[in-house]
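Notes follow once the structure below has been shown.
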Amino acid sequence: MQIIEKYFKHLSPEQVKQFGALHSLYTEWNEKINVVSRKDIDQLYERHVLHSLGIAKVMAFKPGTRILDVGTGGGFPGIPLSILFPESDFHLIDSIGKKIKVVEEVSAGAGIKNIRTTHGRAEDVTDRYHFVVSRAVTRFKPFWGWVAKKFSDEQFNDLNNGILYLKGGDLDEEIQELNRPAYEYDLNMFFEEEFFDTKKVVHVPAF
């Protein structure tokens, strides 16, 4: 938890409480349904929570922003972002029902009010969003195909509506394959831990 407060110094008491609740909630649910690798559970705050919040260092969502988290797994990046941005609306979707069960239990246990969940596929979602977030669920080109028609044309954030994608390594080939403008932000510009040396946020504008 200290690592979150190290990089996000203006958390409200409620946010501190919610972030603080995540370790025990994930530890409990991970024993029933494995959503975080066993070796990572002790590094939950660095490798999952803070990693998710890397998106917040690139884009601070304004109140009323609608965000879709595709392939959320156990709730990353959606749950940490929903705590940090309580006035934005988050829709977390995954095709595996037991993972959505964990998301629902963790968000309820932490008292998070601005999340809704769907057990299903991104292609079947009919709503419109300002941003789609995800954490390395597939290559950019197929991912774009899943979400290209999900974007609202209502623009009011500092970045253009689009994808904010957490990925690592050399992405040149994937971005070339995507054949759309894409902007890379190295997370080691914001976080000093070695884990983030090769981690990035990629912004793919929708329009």
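Cβ coordinates are placed from backbone N, Cα and C, and glycine is handled just like the others.
What Swiss-Prot lists as S-adenosyl-L-methionine binding site is Gly71, Phe76, Ala122, Glu123, Arg135. Within 10 Å of the Cβ of Arg135 (S-adenosyl-L-methionine binding site) there are 20 other Cβ atoms, across all protein chains. Secondary structure from DSSP puts Arg135 (S-adenosyl-L-methionine binding site) in a beta strand.
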Coarse DSSP state, helix versus strand versus coil, of Phe76 (S-adenosyl-L-methionine binding site):
coil
In the structure shown, which of the binding-site residues Gly71, Phe76, Ala122, Glu123 has the fewest Cβ neighbours within 10 Å?
Glu123
